[in-house]
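Only one structure is covered here, and it is reproduced in the block below.
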Amino acid sequence: MHAGGKYCGPRHCSFYIIAFLICQLFFLVIFIRNDDASSANELLSFMNESEESDHLDWRVFISHTPETSEDFYQYNIHLSNALGLIRKLPVTRHHSCTTRNSILPAPLEANVSVVISFHNEARSMLLRTIVSLLSRSPEDYLHELILVDDGSQRDVTLLDDLKRWMGGVFGSRYRLGLTFLRNQERMGLIWSRNRGASLASGRYVLFLDSHCEVNEGWLEPLLERLALNTNLAVSPLLDPIDPTTLSYRKGNELLKGGFDWSLHFHWLKRQLTNQESLEMPYQSPAFAGGVLMMSREWFLKLGSFNPYLKIWGGESIELAIKLWLCGGQIEIVPCSRIGHIFRRRHAFDFPPQSDRQLSPAQETYLHNSKIIAESWLDEYKNMFYALRPAARRIPLDHTYDELQRMRKERRCHPFEWYLRHVSPELRMHFDELSATGTLRNEDRCVHARQKDSQPILASCYLSDITQWSMLRQSGQLSTHRELCLAVGFGMRIALEPCGRNETVRRSQRWVRLGTHLLHAESHLCLDNPLKDRLEMSTCRSHAVSQSFQFALEMEGQT
């Protein structure tokens with residue numbers, strides 16, 4: 001019926017009906033397109049709309065990055081600035097991950113607080129970390145983002161500028177809680193992460209580095225695993241981002257995290273069983289890098305990251321040991337992928353320490369590692385001291401009463417349990433050796449220089465003094481670079497690649513006679529006739545120049 005109160009004719013009615021249907025179809029298409037985009041993608045659209053306002057333009061924000069060399073950041077800062085806020089990442093997870101539906105608890109029972117600590121990070125890299133997180137995370141589960149500026153000196157306005165920029169972009173459009181914290185002085189990653197976690201209010205806490213890019217569907221597989229075990233800690237499989245080209249590459253599902261007796265992190269190879277497939281979560285002795293997620297309550301019950309550790313280094317290893325020994329587990333979840341820049345060296349300085357013979361970075365590492373050894377390794381701490389004798393003179397200014405009380409209350413296992421059930425590779429390495437550590441002759445130690453095939457005697461307190469391992473079965477004397485001490489033509493002592501066949505091994509076989517090192521093939525002994533020189537000579541039972549002692553002997557000497 002039209003305005004005059006009369007019914008329309010068939011032709012007019014058809015016209016109105018068709019027009020009405022076209023309008024409905026138009027609005028339906030708009031609705032579907034909007035519904036397909038996540039709230040974070042709507043946020044990105046809002047960013048583009050607001051580029052007319054300089055204070056909301058991300059390019060203006062990035063332009064305030066202090067001028068400095070690429071060496072400072074240890075990645076390609078110019079390319080990072082050119083990439084913009086977000087980029088399309090390759091699909092690196094197994095195809096079955098994209099077709100299965102994760103079984104998740106209700107959002108209120110599984111909301112996540114994300115803690116990102118940074119120190120002198122480039123603006124574009126930090127912003128890309130944040131935006132990739134927001135654009136690829138389900139809004140209902142992402143509860144809050146806590147950003148901790150650990151006393152950045154090069155860019156002191158970064159946090160305030162970021163706060164204004166994000167406030168202008170978000171306004172009231174997003175329910176995500178935002179917390180901005182700044183340490184007035186450098187406190188370190190460990191202290192900063194603990195500070196963020198103490199203020200978090202989500203069920204779970206995710207620790208994320210500030211030079212990452214999260215990939216599609218990264219959160220749901222982690223939440224699904226955590227819902228099955230409240231004492232579990234999970235890590236995504238990290239895809240490496242090349243620091244020079246910023247190319248995003250697929251990570252390796254056949255690697256797990258571990259460490260050696262020097263308490264350095266290492267990737268360990270793993271073998272798939274007949275029941276396992278590449279996309280299945282798998283247990284790991286340690287975290288793969290510093291990206292991990294667990295129940296906030298469980299994290300706090302375990303004492304958080306050890307607050308006595310300084311600045312950076314060892315915190316993930318300490319937490320991993322603590323988790324496994326005190327009733328927890330660690331899993332790597334290959335269906336969850338996060339890109340991570342592994343820098344070739346530290347992009348920050350360590351504060352000066354007390355020992356002038358060590359660099360600040362070396363002393364900080366030894367300080368933190370010594371705390372881990374004294375806290376958790378029990379009688380196996382002697383392995384650490386054998387390989388890192390300089391740690392003995394590092395002072396520790398606290399006791400372990402609180403830690404021992406926690407170990408007793410939680411009925412934590414001894415470290416022997418970890419070797420048997422979690423990291424048999426570490427136990428195997430221990431069982432393979434008859435002696436290890438520095439090899440000392442009086443006040444000097446046998447040292448293999450990087451670019452020289454002939455070993456010498458040098459100060460035992462060199463920061464890179466060679467650590468030797470005497471293999472129990474083969475009698476080979478090996479460095480960590482898998483170079484073996486050998487005797488060649490003319491009785492010349494040299495370093496050679498450790499041999500696998502018996503012919504090569506003969507020239508590399510040594511026998512312990514008391515404190516002497518007898519070369520099995522020549523029946524001569526290692527000798528030190530001059531201050532820094534090594535040679536082979538006839539064995540003399542009481543010759544001090546032929547007395548060589550390992551830092552740690554695992555079996556009685558012949």
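Placed from the backbone N, Cα and C atoms, the Cβ positions cover glycine too.
These figures come from a predicted structure and were not determined experimentally.
What Swiss-Prot records for 1-12 is topological domain 'Cytoplasmic'.
The transmembrane segment annotation in Swiss-Prot covers 13-32 and rests on sequence analysis.
Per Swiss-Prot, topological domain 'Lumenal' is recorded for 33-558, and the stated evidence type is sequence analysis.
For Asn48 (among others), the entry in Swiss-Prot reads N-linked glycosylation site, with the evidence type sequence analysis.
According to DSSP, Cys97 (disulfide bond) is assigned to a helical segment. According to Swiss-Prot, the disulfide bond annotation covers Cys97-Cys335 (among others), on the basis of sequence analysis.
Among the features that Swiss-Prot reports, region 'Catalytic subdomain A' is placed at 109-225.
Positions annotated as N-linked glycosylation site by Swiss-Prot: Asn111 (among others). Listed in sequence order, the residues of the same chain lying 6 or more apart from Asn111 (N-linked glycosylation site) and placing their CB within less than 8 Å of its CB are Asp140, Tyr141, Leu142, His143, Gly202, Arg203, Tyr204.
Shown in sequence order, Ile116, Ser117, Phe118, Glu121, Met125, Leu126, Thr129 are the residues of the chain, 6+ apart in sequence, with a C-beta less than 8 angstroms from the C-beta of Ser210 (substrate binding site). In the three-state DSSP reading, Ser210 (substrate binding site) counts as coil. Look at Swiss-Prot and you will find Asp150, Arg186, Ser210, Trp312, Arg343, His346 tagged as substrate binding site, backed by similarity to another entry.
Sorting each residue of the region 'Catalytic subdomain B' (281-343) by its DSSP state yields 17 helix, 21 strand, 25 coil. The region 'Catalytic subdomain B' annotation in Swiss-Prot covers 281-343.
Among the features that Swiss-Prot reports, disulfide bond is placed at Cys326-Cys412 (among others).
The disulfide bond annotation in Swiss-Prot covers Cys445-Cys460 (among others) and rests on sequence analysis. Under 8 Å, Cβ to Cβ, and six or more positions away along its own chain, Cys445 (disulfide bond) finds Thr438, Leu439, Leu457, Ala458, Ser459, Cys460, Leu462, Ile465, Thr466.
When secondary structure is read from DSSP and collapsed to three states, Cys484 (disulfide bond) falls in the strand class. Here Swiss-Prot flags Cys484-Cys498 (among others) as disulfide bond, drawing on sequence analysis.
Annotated N-linked glycosylation site per Swiss-Prot: Asn501 (among others), in sequence order. Under the DSSP three-state reduction, Asn501 (N-linked glycosylation site) is assigned to coil, being neither helix nor strand.
Under a cutoff of 8 A between CB atoms, and with a sequence separation of 6+ in the same chain, the neighbours of Cys525 (disulfide bond) are Leu513, His516, Leu517, Leu518, His519, Met536, Ser537, Thr538, Cys539, Arg540, Ala543, Gln546. Among the features that Swiss-Prot reports, disulfide bond is placed at Cys525-Cys539 (among others).
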Intrachain C-beta neighbours of Arg343 (substrate binding site), sequence separation six or more, cut-off 8 angstroms: Gln74, Tyr75, His211, Pro243
Secondary structure content, the region 'Catalytic subdomain A' (109-225) (per DSSP, counts of residues): 45 helix, 30 strand, 42 coil
Spatially closest candidate among Asp150, Arg186, Trp312, the listed binding-site residues, to Cys97 (disulfide bond) (Cα to Cα): Trp312
Spatial neighbour of Cys484 (disulfide bond) that is closest, considering only the recorded positions Asp150, Arg186, Cys335, Cys412, Asn501 and their CA atoms: Asn501
Under 8 Å by Cβ from Cys335 (disulfide bond), same chain, sequence gap 6 or more: Arg93, His94, Cys97, Gly217, Pro221, Glu279, Pro281
Candidate binding-site residues Asp150, Arg186, Trp312, pick with smallest Cα gap to Cys412 (disulfide bond): Trp312
Spatial neighbours, same chain, of Cys498 (disulfide bond) - Cβ under 8 Å, 6+ residues apart: Gln476, Ser478, Glu482, Leu483, Cys484, Gln508
